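> For reference, the structure I am asking about is given below.
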Amino acid sequence: MAVESGVISTLIPQDPPEQELILVKVEDNFSWDEKFKQNGSTQSCQELFRQQFRKFCYQETPGPREALSRLQELCYQWLMPELHTKEQILELLVLEQFLSILPEELQIWVQQHNPESGEEAVTLLEDLEREFDDPGQQVPASPQGPAVPWKDLTCLRASQESTDIHLQPLKTQLKSWKPCLSPKSDCENSETATKEGISEEKSQGLPQEPSFRGISEHESNLVWKQGSATGEKLRSPSQGGSFSQVIFTNKSLGKRDLYDEAERCLILTTDSIMCQKVPPEERPYRCDVCGHSFKQHSSLTQHQRIHTGEKPYKCNQCGKAFSLRSYLIIHQRIHSGEKAYECSECGKAFNQSSALIRHRKIHTGEKACKCNECGKAFSQSSYLIIHQRIHTGEKPYECNECGKTFSQSSKLIRHQRIHTGERPYECNECGKAFRQSSELITHQRIHSGEKPYECSECGKAFSLSSNLIRHQRIHSGEEPYQCNECGKTFKRSSALVQHQRIHSGDEAYICNECGKAFRHRSVLMRHQRVHTIK
């Protein structure tokens with residue numbers, strides 16, 4: 001049988017103690033490449049690569065070298081070292097581990113907000129804590145099911161003891177979280193299981209003393225399949241070679257049974273095994289797209305919206321729809337004007353915690369995202385991606401009307417207003433409308449008299465930065481505009497254009513009365529006085 005990526009390596013118990021355990025491979029028809037192509041989101045694709053890397057198991061490859069090469073490829077696709085610095089890669093790993101120790105409901109909620117760092121994830125949780133300070137507050141569930149009271153949520157770790165145990169208040173819970181994967185305790189359990197067979201709690205229905213053949217006592221001893229016959233010997237690290245993840249199962253189990261049991265124990269590395277015992281009865285709801293499983297149907301429903309694009313929560317003000325109720329709450333702050341997140345440095349307020357986190361980088365000067373081509377640094381990876389299109393020439397956003405392409409979606413949106421005639425930015429003073437918000441801001445200075453751009457030499461102020469730049473050339477003597485014909489230079493581009501008409505003979509200003517043409521508009525205006533006098 002062929003092996004496809006996406007199956008979690010697991011140790012599966014046997015009911016009859018006398019039956020021996022054999023090493024098998026699992027077939028899963030899930031194609032990661034197809035799912036990658038179907039999903040246009042870079043962040044979603046990166047998450048798929050992360051899952052594929054973490055769940056990779058030994059396939060029908062010629063040997064360990066090819067398996068290692070495949071793991072390296074998946075790791076590269078996930079961490080993207082060509083874009084991320086060492087610090088960012090470390091941040092991704094820490095963020096992944098932090099999310100893994102969260103209770104399931106919180107884990108889903110945080111993941112759907114796509115935090116870029118551990119700090120951002122913590123801020124999201126702290127914001128959620130404030131929202132649920134009210135004891136009667138409820139956690140949003142799926143539209144098909146009722147909202148779940150916050151204190152009735154079940155912790156991932158606590159669920160192994162009793163699914164009826166209620167959560168502590170969030171503030172207490174945040175202080176008492178423990179990793180679901182404990183290297184010390186779990187590896188000790190793994191070592192004991194290797195020495196004595198698999199010895200698990202009777203409550204989980206595991207056999208007391210099944211036997212393994214040829215397995216080392218060390219918890220880090222993973223094995224490769226040798227041949228395909230029943231009763232094959234298992235090789236230990238002391239026999240040489242490289243090692244991968246393995247699946248032990250009773251030969252009577254079918255492929256579907258094995259797939260359903262595939263989350264008993266996850267073996268993460270060969271040097272430090274960390275087993276996460278998640279009985280399938282506690283996670284019965286599985287996503288058909290990416291293989292994630294959940295304890296509650298409502299959690300699966302929320303997760304599936306990532307793949308389906310369903311957005312059941314609609315804003316009554318503007319009609320915009322969202323996949324999560326929490327997104328709708330954040331969006332509604334645009335209409336209400338609420339800005340709950342304030343910068344302690346400058347007092348500027350924001351309606352999203354993530355926006356505040358990005359803003360703080362202005363004060364700290366943090367620019368961790370560096371361009372490999374020119375060395376320019378940015379505070380956000382999204383800015384770096386946009387910047388790199390300067391070097392690659394990529395313009396992925398195309399206008400359906402004229403075919404013109406742009407490197408940024410915002411530029412395409414502004415361009416399309418030329419075709420639609422849309423002018424969404426209107427002046428409250430005179431009613432004049434503009435295509436861009438920057439044009440409205442500039443226009444409003446006519447009414448307010450604001451002149452924010454001041455010359456450091458003479459103190460003269462201007463309403464536009466371009467006017468200040470032109471003015472400063474008086475002090476510096478700079479004349480950057482040069483005529484290609486005679487070499488004469490000018491302070492303003494308009495002066496150069498007028499001068500070039502001498503060489504070209506172009507007379508752009510024509511009198512409507514007599515048809516006489518002039519090079520300069522001022523000369524035409526003087527000429528027109530002749531007709532008005534008559």
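Including glycine, each Cβ sits where the backbone N, Cα and C put it.
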> Considering the residues LYS251, LYS348, LYS460, which is the one that Swiss-Prot annotates as SUMO2 cross-link?
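Annotation hit in Swiss-Prot: LYS251.
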> Which of the listed positions, LYS171, LYS175, LYS370, LYS516, does Swiss-Prot note as SUMO2 cross-link?
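That would be LYS171, per the SUMO2 cross-link annotation in Swiss-Prot.
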> Tell me which residue from SER9, SER31, SER437, SER493 Swiss-Prot records as phosphoserine.
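Checked Swiss-Prot: the phosphoserine annotation sits on SER31.
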> Cβ under 8 Å, sequence separation of at least 6 from the ends of the zinc finger (369-391): give me the contacting residues as numbers and ranges.
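Residues packing against the zinc finger (369-391) from afar: 82-85, 88, 116, 358, 361-362, 407-408.
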> Give the number of CB atoms, excluding that of LYS55 (SUMO2 cross-link) itself, located within 10 Å of its CB.
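So the Cβ neighbour count for LYS55 (SUMO2 cross-link) comes to 19.
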> Using DSSP, how many residues of the zinc finger (509-531) fall into helix, strand and coil, respectively?
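Within the zinc finger (509-531) the tally stands at 11 helix, 4 strand, 8 coil.
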> Do any residues of this chain, six or more beyond the ends of the zinc finger (397-419), have a C-beta under 8 angstroms from a C-beta of it, and if so which?
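Residues 386, 389-390, 435-436.
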> Thinking of Cβ pairs under 8 Å, which stretch from 313-335, 341-363, 425-447 has the most of them with the zinc finger (453-475)?
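Most Cβ pairs under 8 Å with the zinc finger (453-475) come from 425-447.
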